[in-house]
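Colleague: First, the structure itself, so that you have it in front of you.
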Amino acid sequence: MILRRLLLAGSLLLASLAAAKKEGPKITATKFDHEPRHLFYFEDTDTVVFQHKYDAHISTDAGQSWSVIKGPDDGMVGKVKSIYPHPHDRKKAYVFGQSRTHWVTEDAGKSWRAFKIEQDIPRSGNPLAFHGTDSDKLILHTIDCSGFVCDMPALYTTDGFKSHKTLTKSQHGCNWAITTPEFGTQADLPEKIDNRVFCIFSGLHAPMGRNKRLLYSDNFFEDDKGFEVPLNNGRPVSDVVRLAGVKKFLVAAAKSPRTTEMTLYVTDDATRWHQAMFDGHKLENDAYTVLESTNYSIQVGVKTTGGFNPMSALYTSNSEGIYFTRNAEHVNSNHLGYIDFEKIAGIQGIFLINTVSNWEEIDNNHQRKKKVVSQISFDDGRTFHDIKAGDKKLHLHSVAQLHNSGRVFSSPAPGVVMGVGNVGDHLKEYDEGDLYVSNDAGITWSKALEDAHKYEFGDLGSVLVAVYDEGRTNKVSYSIDHGKHWETAELPHKIRARVLTTTPDSTSLKFVLIGTSKSGSGVEHSVIGIDFSNLHERKCGKDDFERWPARLNEKNEPDCLMGHKQFYSRRKAGSECFIGSEFKDPVPELERCKCTEEDFECDFNFVRSKDRKDCVPARALPVPEGQCKKPDDKYTGSSGFRLIPGNDCVKDGGIELDKPKERPCSDAAKEPVSGEIDVTKHFFSANKPAEYYYLERPVLSKDKDETIVMLTDKLEVFITRDHGKTWKETLEGKHVVKLWPHTYINDAMYFITGEKRVIVTKNRGDSFREFETKLLPNRDRLPVLAFHPDPERSDWLIWTGADNCGRGGDCHSVAHYSTDGGDEWHTLMRYVGRCEFIGKERSRKTDELIFCAQHENENPKNRHLRLVSSDSWFKDKTVHYNNILDFRTMAEFIIVAARSEKDSLKVGASIDGKTFADAEFPANFDVKVQQAYTVLDSSTHSVWLHVTVHNVEDHQYGSIIKSNSNGTSYVLSLNNVNRNNADYVDFEKMEGLEGVALVNVVANVDEVQKGAAKQLRTMITHNDGAEWAYIRPPAKDADGRAYSCSPGKKGTEECGLHLHSFTERPDYRDTFSSPSAVGLMLAVGNVGDHLTLKSEGDTFITRDGGIEWHSVKKGNYIWEYGDQGSIIVIVPEAKPTKALFYTLDEGKTWTEFAFSEVEMLILDISTVPSDTSRNFLLWGKEVGSGSKPGFATVNIDFSGLKERSKECVLKEDKPEADDYYLWEPKHPLLEDNCLFGHITRYHRKKPEASCYNGGDFERLHNVSTNCECTRQDYECDYNFERQSDGSCALVPGHQPLDPKRICTEDSKAIEYFEPTGYRRIPLTTCEGGLKLDGFKAFPCPNKEKEFEKKHPRLHGAGLFFAIVLPIAAAGVVGYYVYTRWDGKFGRIRLGESGSSGDWLSRDSPLIAIPIAIIAGTVAVLSALPLLAASLWRSARGWTPIGRSSRPYSSRGAFAARRGDYVGVVEDEDELLGAEDFEEDEEV
């Protein structure tokens, strides 16, 4: 048994003492100066191993004597870091060394073999993942750090570390499909499953390890990157956090985004997965524990209350691990997740639990002390009974309060159970308990010994051993009659017992006791061997055994479970003998029973009825083909029951609940599809909605409601659960003035009143709770509520209120915090500007990190703020910046804007919330402090800022600057970008697609500075702001007529597509794109030289990420995406209408649909934020004849439409086999689909497929191997600016950043690079190819030797021959070829279709290679003065080669693109592979 609770570690073997009392056990003590760790037995042997400081010690006589394991060549001495036994192979164990040498034994410690790896072993946790049936197969998790960056490679071996290979370079945990010996025992698993491996990886492009993915491979990821596991109805799931084996099941746990929910998925064949369904309960993050389970069910404890007094509910699954039934509530647990639940070893169906009797008091007051009571079940949790000692209730300390290693109550000894506890109303403290024993598997109990003791079982229960556990003792107690009578034996000296243990199967007569004792001023540790082998000479005979029934029913008769009765041959309590069958586990005798109701469970697709007597359909049932042609038909199907797999009851003469039965077709498939769109209109008396919010269900949630909370302009609160088909008014008379949704949890909504009272719902409006705040809402227009970003801290709140605001008062804002959802408030800080929690994901260490802006000198009249932080609720604080304007927490950065000493804008950035670095702005970019700034985005590993350059009302515009990957060094991305009076900017990132953004720029800057109206033009970037271009307009409008201007292949200043953007939207949630409709954008605009009035615009769509646009409707429409873009609805904006238009094929065709008999003015159209629903909601008013007063909502439901009635089929391993295809975004000027250095592939529904996408899923299929770098992977470096030809040049009068800074900032740096004017775009992952940065390296000061080792150079003769010999050889070959080649240069022969095929022909490698070398050399030499960094690097070295496919066919084609995306110098087309001549030049 592996130790769970040991205290100290160390090494120094001091002494060995032996003592033996006549007719008593043999006792031997060995002293150590540090306590042993990791003690375990090799099963079925007397061999024990433990770690003592940095040595491993071994005993082959059950602890009587000990020696140090030396290993091969004494290599293990003083080098041991950790020890792990193999859980499925009793002879194997693994010792990990302090360096990279480790050892394995395959003969229970008799010999050891060394093996080496090149990575380090993580400091915590077991690094090994074991195969369930092949002990030679293991996965080893390692860590490999370089500087501050660490990878987590996983290695694997199939021969027990005689050899090993890399499984994956980085992971968050890998495991075998077959994790336990029981897995797959009831299924015919294909051979490939034996090698199947599952790994959790970081999400593609997800920051900070978010959106983890579960992938599998059957060939150790050698030929592929693995396939995502189809956990959810055949589709992958993001944010998988754990994978574990439980008996015959594999269980995967996934987090639900923007909720505290956790979802479990279960499989019993590593292929087909099902979502675990819990009976009316949802799992919370880190709030469940998979308990000891059986071969036919999973036991799970689900935390129901947290805080200082956690409790859990106990659930048991059906045999497939899918449907879970609640067996017990209010089960006692601790803050570590340990739950008071334990099965009786070796006996099916019996387990003990502790429940909390005063759970209602605990719910109302978490400070109350729990009253814990013990119960026992003899029928697998169907019923529970009090534990009795005589006629009194007995309560026992269990798993939540461990006091020994191994199991708490029982061992493989049949029926013998012990525990420490007390009789009475509830469980008392441990030291108030006594030792109790049961001889009949827990039915009856009696007191064994006074006081609390540690205890163990030996010789299958023939010997019980106990040692006093309330203080020091020099005695050990033992019983040989099942605990009826006890004797004592003297220990060599007094000890404080720490661990008492024996062989895992409890068949031995030998025990090991570990204890501590005082030695002078220190503590010494004793490992004591206790041997009862010679206590009796007689071995038990046949008459000494009884046929003992393992379970008894209420009539005291042998009971049936899983179709059989269970009996053991057990030594009689009064027999004075020892069994002596060492290392032979007890084998039960099974007697089959007739089938009863208890032998059946609900069939698949069925769940228990509320009265638990029947099984009712859980969902629409599948119908045999050809049946149920009419709704009132019947068909023969499942009865709802099935025999529990593994149950061996006899049906003959018993109950048969699984006989097929006739069912009504109403139980079967859902209602026939109407083929039509459903419309539901609802009227409100108010004039308009003041605000509304969707409380969207996470994709993994079993509930599918579509909830909206709305506040009208009459301050009425309405809630709908069905997307606006029905509305219900709530919170009448509560004077709600503002809705405040939880920023991170979708289920929660806060209702702000005009008083100190706040109302909250955490279950989407099912129930409400009120709490009082200390102050009224603040008057400084600050957020009144701030939330903690970690889901498990969703009750942590910051309230910013107004204090001392009476007449003549010193009115200011004060922040209070609560950690219990508003029940108790504590002052956080006075005179604040704004406060925010910083989650542990960013701060890495603490949940309590908070940032606040506070008035300097706590003077509200002082407009100067300072940025402060604290991780102790501001008992202590750190001042980061003085004189700030404001701060923002973005996706990857914390950004602060402050005034510099020169009254200019100064920006600081932090990634971890601890260290800030000042940003360096581009040259000639001195921004006055009164100029506005806007943080635009920080989701692509860089910060985007818009800084206003011209700040006259209605005439504002400014520049977009973009940072490097740590947010400190900014470069100019684009000038003259439009901004409005509210500081919003015409800038929008395309959702779901990296690097694409649109802006509107002011075209007439000079006129605007003189007071003229702005003329706007739209520009787009496809490489994250490194380059911008005008949008190429479509050739024809929606009516098929050509536009008045035609730009050709690119947009120009005179002719482009210009779009109305962010600053003109009444609702900023209405965006061009949708995160779930990858590649699609809709917009209103016009074709011409600038943007005209919105009323004059038309509606356009793009399907390829903004490269090609199409005019879909004349006029101005508002739009919404549904079902992830498979349905798009548009409605005329600001124009009365009775009809909408929808498309099912991404805008290629449109269908008109009338939704109202009366004309309506539609103000907005909405759907769930993820755009995954087939329901839409129109918000508007009836106008004209027959109109009703007030405003109305109109639900448009497409789920009945025939073309959207069947769910699409997606297979990750065959992604284009059914209803989907793989789409690759691209850059408009690159021939291949490399974007940001890689090819990205997304799942997109085939437009012609008649099906619906359903719930949101991970659309990103994979990211291919990195591409070679091109110009589009670079942007201009700090103090460099883009020239008219696209190149980057130093700003006159300024210098680049000092490249030597890296040497002082990173102590491990050995070199720095000469600035080239270019830097890599933070998003890019390209490798090789065009290298425009870091071209020439120099050694850091005092790192010359390391630099020389990294960059060895040729000297002397070696350098001479390296230069001269290739030139001489080329000359000889060239002369020989010239004189003998039949093609000879300049020679033209008519009628020849190709080369002769001779070895000296033009296509011969002998000719082609020298020509390529010469041509490449000329090209490079001619380019060196212009662009020294323009070299192409291949995988073979530094050969100057081009890309596999040329982006341009001629110099003319290259030149034709100048002025848009070109970012190279004049002659770089030759480097990029342009042909030597124009296509129409004469030869």
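Cβ atoms are placed via backbone N, Cα and C, with glycine included.
Reproduced below are the annotations present in Swiss-Prot:
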type	residues	note
CARBOHYD	Asn295	N-linked glycosylation site
CARBOHYD	Asn966	N-linked glycosylation site
CARBOHYD	Asn1262	N-linked glycosylation site
REPEAT	58-67	repeat 'BNR 1'
REPEAT	103-113	repeat 'BNR 2'
REPEAT	375-385	repeat 'BNR 3'
REPEAT	436-447	repeat 'BNR 4'
REPEAT	478-487	repeat 'BNR 5'
REPEAT	718-728	repeat 'BNR 6'
REPEAT	817-826	repeat 'BNR 7'
REPEAT	1100-1110	repeat 'BNR 8'
REPEAT	1141-1151	repeat 'BNR 9'
SIGNAL	1-20	signal peptide
TOPO_DOM	1378-1405	topological domain 'Cytoplasmic'
TRANSMEM	1357-1377	transmembrane segment
TRANSMEM	1406-1426	transmembrane segment
Colleague: Can you name the far-off residues of the same chain, 6+ from the ends of the repeat 'BNR 7' (817-826), with a Cβ under 8 Å from a Cβ of it?
Modeller: 307, 366, 758, 760, 769, 771-774, 793, 795-799, 850, 873
Colleague: For the repeat 'BNR 3' (375-385), find every same-chain residue at least 6 residues outside the stretch whose CB is under 8 Å from a CB in it, and list them.
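Modeller: Counting only partners 6 or more residues beyond its ends, the repeat 'BNR 3' (375-385) has Cβ contacts under 8 Å with 297, 314, 316, 327-328, 348-355, 442-443, 551-553, 559, 561, 598.
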Colleague: Hey, of the glycosylation sites listed (Asn295, Asn1262), which one tops the CB count within 10 A?
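Modeller: Sorting the candidates by Cβ neighbours within 10 Å, the top entry is Asn1262.
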Colleague: Looking only at residues six or more beyond either end of the repeat 'BNR 5' (478-487), which have a C-beta under 8 A from one in the stretch?
Modeller: 24-25, 416, 418, 437, 439, 446, 448-449, 461-466, 532, 535-536, 573-574, 576
Colleague: What Cα-Cα separation, expressed in whole Å, is found between Asn295 (N-linked glycosylation site) and Asn1262 (N-linked glycosylation site)?
Modeller: 37
Colleague: Would you mind listing the long-range same-chain contacts of the repeat 'BNR 8' (1100-1110), meaning Cβ under 8 Å and 6+ residues beyond its ends?
Modeller: 990, 993, 996, 998, 1020, 1022, 1031-1034, 1057, 1059, 1079-1085, 1146-1147, 1225-1226, 1228
Colleague: Tally of helix, strand and coil residues over the repeat 'BNR 6' (718-728) according to DSSP?
Modeller: 0 helix, 5 strand, 6 coil
Colleague: Check the topological domain 'Cytoplasmic' (1378-1405) for me and report the mean pLDDT.
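Modeller: Mean model confidence (pLDDT) across the topological domain 'Cytoplasmic' (1378-1405) is 35.
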Colleague: When DSSP is mapped onto helix/strand/coil, what comes out for Asn295 (N-linked glycosylation site)?
Modeller: coil
Colleague: Under DSSP, is Asn1262 (N-linked glycosylation site) part of a helix or a strand, or is it coil?
Modeller: strand
Colleague: Sort the residues of the repeat 'BNR 2' (103-113) into helix, strand and coil with DSSP and give the three counts.
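Modeller: Breakdown, helix to coil: 0 helix, 4 strand, 7 coil.
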